[in-house]
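TrEMBL lists 21-40, 63-84, 91-110, 116-137, 181-202, 266-291, 303-325, 332-353, 359-378, 390-412, 424-448 with the feature transmembrane segment. What TrEMBL records for 23-448 is domain 'Major facilitator superfamily (MFS) profile'. Under the heading region 'Disordered', TrEMBL lists 454-542. Residues annotated as compositional bias 'Acidic residues' in TrEMBL: 468-478. Feature annotation from TrEMBL assigns compositional bias 'Polar residues' to 486-498.
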Amino acid sequence: MGRADPEEGQLPAPVKPPDGGWGWIVLFGCFVITGFSYAFPKAVSVYFKELMKDFHVGYSDTAWISSIMLAMLYGTGPVCSIMVNQFGCRPVMLIGGLLASSGMILASFTTNIIELYLTAGVLTGLGMALNFQPSLIMLGTYFDKRRPLANGLAAAGSPVFLSSLSPLGQVLLEKFGWRGGFLIMGGLLLNCCTCGAVMRPLDMGMKRKMEKARDKYEAKEMLPIGGKSEEGISTTDGTKKAKKAKKKPKKGKKLLDFSIFSNRGFIIYTISKFILVLGLFVPPILLVNYAKDTGVPDTEAAFLLSIIGFIDIFARPACGMVAGLKWVRPHVAYLFSFAMLFNGLTDICSARASNYTGLVIFCVFFGISYGMVGALQFEVLMAIVGSQKFSSAIGLVLLIEAFAVLIGPPSAGRLVDALKNYEVIFYLAGSEVVLSALFLAMATYCCLNRGKKEPPPEKNLSTGGGSDTEEAESDVQEAEEHSSDNHQLAHSTDNTVVAASEEAKHVAEEQSGEGGGCPEGDGEVLARDGCNADQMVERDSF
């Protein structure tokens with residue numbers, strides 16, 4: 001029963017992530033989506049000076065465009081989770097691509113800064129959020145053994161697109177102005193729809209195979225034995241249809257699964273990630289102004305961010321390959337803690353850098369550590385909650401991170417204005433990152449590793465926690481229950497036909513007298529049903 005070859009007429013086993021094949025196309029789509037989601041809010045900043053001139057506003061007013069985009073990317077996480085659980089990843093991504101593109105296209109026709117907030121900020125930000133989260137969910141669906149490498153390669157889209165969109169935006173601004181640049185950028189965002197279209201659900205093929213195998217299995221169980229009468233077959237078919245009509249409807253999937261808060265690992269991860277985000281983005285935001293205050297020319301100060309981006313491109317895939325090693329992957333949470341500790345110590349040690357050489361060294365080490373954090377953050381979350389609950393988990397985590405994003409960088413900016421000292425800000429940001437690293441490592445060791453001594457639950461959990469197919473297993477179990485019901489119906493029909501055969505046999509005995517043996521003519525049915533020695537002894541004793 002249940003898990004043999006589908007060609008045998010039995011139910012197939014749940015399909016595991018292919019770790020390749022069409023998954024590489026999904027990975028490329030996730031690479032593009034990640035690049036647009038993280039790099040686009042920063043690349044839009046090249047248009048700010050022209051917007052300030054046209055709308056007669058200050059830099060802080062135009063900076064709200066990028067802030068609103070990021071707030072939508074993080075803050076709409078639960079909404080995106082609900083839509084993914086209700087409609088699936090592909091439709092949500094297609095809608096998100098259209099919203100992101102239409103936001104930038106409409107922004108090219110705006111006449112005041114408020115309209116820019118609503119179009120380029122809210123509409124485009126919401127569209128990118130509806131693309132970013134489902135792409136990560138699909139990546140976790142298609143990859144299991146190679147998932148750390150896949151996450152690292154997809155995360156590399158952020159620095160690659162940042163290094164390309166910013167120069168492209170500058171060229172578009174010089175040739176077409178900010179309105180023409182926004183219009184062309186909106187056209188580029190339509191590629192998100194293409195990426196959404198390739199996100200083929202993995203369970204489609206699995207469900208088709210199970211339905212086909214289930215039909216074969218039911219047909220095999222419902223076949224009449226020997227020469228059963230057509231009446232028995234029709235009775236069985238009618239009962240089968242009645243059973244199908246009375247079949248209980250499949251339970252709907254939760255729109256937002258709050259049961260993940262009962263997972264201690266998820267709680268630990270969420271707290272450490274909140275503390276991390278408070279200080280992670282502060283150094284790159286203040287780096288250029290810090291370099292200018294130390295006497296570095298503008299062009300060389302801007303080049304520092306390019307150094308971070310270039311190192312980041314190679315750090316993320318490399319860290320993904322390391323995290324995928326057999327002896328590293330079970331301890332990926334500690335590798336994530338090391339990456340955060342490395343990043344925090346880099347901030348602290350570089351706080352007193354007073355020349356360009358010291359800042360370049362800081363950018364090299366910061367790019368390595370920042371790339372490690374970016375490559376591991378979602379891999380750790382997938383390993384903790386599994387692929388089935390990842391859609392709800394990432395939405396809630398992004399919502400919590402949104403508060404940290406709105407608290408951390410603005411607070412650092414106010415401290416700079418009040419203290420006129422960047423050194424204190426680097427110390428503070430580095431301390432927050434180090435604190436998050438120590439908390440994750442200590443909490444994981446004290447709260448999670450000790451719990452592993454307890455007997456594991458009866459569920460079949462796959463390595464890494466990211467390839468569990470609960471929905472598929474429930475479908476298989478449901479099919480097995482349904483097939484068992486049909487099996488019982490077949491047996492009940494057998495009993496009916498056999499009873500009818502026994503009645504015909506006794507009638508034939510009365511007509512043939514005490515001759516014994518199988519009667520001719522009518523007895524052909526009995527011979528096919530098996531007129532054996534036991535039946536003859538039973539007839540003699542009667």
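Glycine too: its Cβ is placed from the backbone N, Cα and C atoms.
A TrEMBL annotation is a machine prediction, not a hand-curated record.
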Average model confidence [pLDDT] within the domain 'Major facilitator superfamily (MFS) profile' (23-448): 84
Most Cβ pairs under 8 Å with the transmembrane segment (181-202), selected from 91-110, 116-137, 359-378, 424-448: 91-110
Criterion met for the transmembrane segment (266-291) and the transmembrane segment (116-137) (at least three Cβ pairs under 8 Å): no
Residue numbers, six or more beyond the limits of the transmembrane segment (21-40), whose CB comes under 8 Å of its CB atoms: 69, 73, 93, 100, 124, 128-129, 131-132, 135-136, 138-139, 142-143, 150, 153-162, 165-166, 185, 189, 191-192, 194-196, 198-200
Top partner of the transmembrane segment (116-137) among 63-84, 390-412, 424-448 - counted as Cβ pairs under 8 Å: 63-84
The transmembrane segment (303-325) in contact with the transmembrane segment (359-378), cutoff 8 A, at least 3 CB pairs, sep 6+: yes
Distant-in-sequence neighbours of the transmembrane segment (332-353), which means Cβ under 8 A and at least six residues beyond its ends: 148, 272, 276, 279-280, 283, 294, 319, 322-323, 359, 361-362, 365-366, 368-370, 372-373, 376-377, 379-380, 383-384, 422-423, 426-427, 429-438, 440-441, 444
Among the ranges 359-378, 390-412, 424-448, the one whose Cβ pairs under 8 Å to the transmembrane segment (63-84) are most numerous: 390-412
